[in-house]
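Participant: Below are the features listed in TrEMBL for this protein:
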type	residues	note
DOMAIN	1-74	domain 'Cytochrome oxidase subunit I profile'
TRANSMEM	12-33	transmembrane segment
TRANSMEM	53-73	transmembrane segment
Amino acid sequence: FLSSNAKDIGVLYLIYALFAGLIGTAFSVLIRLELSGPGVQYIADNQLYNSIITAHAIIMIFFMVMPALIGGFG
């Protein structure tokens with residue numbers, strides 16, 4: 001983790017993007033479970049639901065896609 005080699009840093013970016021993608025996917029599953037039927041299914045608080053959608057978007061864009069592009073393309 002303390003390497004200054006560019007290839008090692010790129011691999012660390014890709015590993016970080018993988019873990020962030022797993023967290024973002026978990027939020028996506030929560031969103032899809034809530035939308036699986038009419039009315040309230042699992043998340044009773046509307047503000048929590050909106051926060052999960054926002055967290056999903058931010059995690060997938062800034063913590064998964066951007067590090068993956070930086071790690072993959074440099």
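Yeah, the Cβs are placed from backbone N, Cα and C, and that goes for glycine too.
From a predicted model like this one, the values you see are computed outputs, not experimental measurements.
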Participant: With Cβ-Cβ distances below 8 Å as the criterion, list the same-chain residues six or more beyond the ends of the transmembrane segment (12-33) that contact it, or say none.
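Facilitator: 1, 41-43, 49, 52-53, 55-56, 59-60, 63-65, 67-68, 70-72.
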Participant: For the transmembrane segment (53-73), give me same-chain residues lying six or more residues beyond its boundaries with a C-beta closer than 8 angstroms to one of its C-beta atoms, as numbers and ranges.
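Facilitator: Non-local partners: 9-14, 16-17, 20-21, 23-24, 27-28, 31.
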Participant: Please count the residues of the domain 'Cytochrome oxidase subunit I profile' (1-74) that DSSP assigns to helix (H, G, I), strand (E, B) and coil.
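Facilitator: In the domain 'Cytochrome oxidase subunit I profile' (1-74), the DSSP-based counts are 57 helix, 0 strand, 17 coil.
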